[in-house]
Amino acid sequence: ENPHEVKALPSEGKDEKNTDALLRTGVFTALAIGIHNFPEGLATFVSALGDMKIAIPIAVAIAIHNIPEGISVSVPIYYATGDKKKAFIYSFLSGMSEPIGAIVGYVFLRNYFNDLTFGIIFAMVAGIMVFISLDELLPAAKEYGEHHLSIYGLILGMIVM
């Protein structure tokens, strides 16, 4: 099989195995991004408390990288269900965990703000995101013929961030 051949995405409901796999990928991605966004919101909030010169670039960087995060949630769910509203809701809810994470994190962790706490939280979140990317997103990209493009996007994203 040619790894450079682009395969068509499944039609709505025609191939149940592919539909289930896409839905699973979308839901796991939404959960992972929701978990990932919690400390991200906390970091933005804490940086804003400290220095706005630092907070603004952090908020802009997070806003930019939230675009592909939303796409990575909504596209598989849309192709699995054919429902734009459901794709939007999953994407929206995973993104809303960021401001919720900032508020909840501030309320519960404000007495424990230190480098060790942030290091532990960010290491756990990074591990979750790397696992989801390598275990769900890249295999799905390979299955649909866009594996190399996904790798290039991953590297470009690392360079930009």
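Backbone N, Cα and C define each Cβ position, glycine as well.
Here TrEMBL gives transmembrane segment for one range in the set 41-63, 87-109: that range is 87-109. Residues 28-29, 32-33, 35-36, 38-40, 42-43, 109, 154 of the same chain lie 6 or more positions beyond the ends of the transmembrane segment (115-134) yet place their CB under 8 Å from a CB of it.
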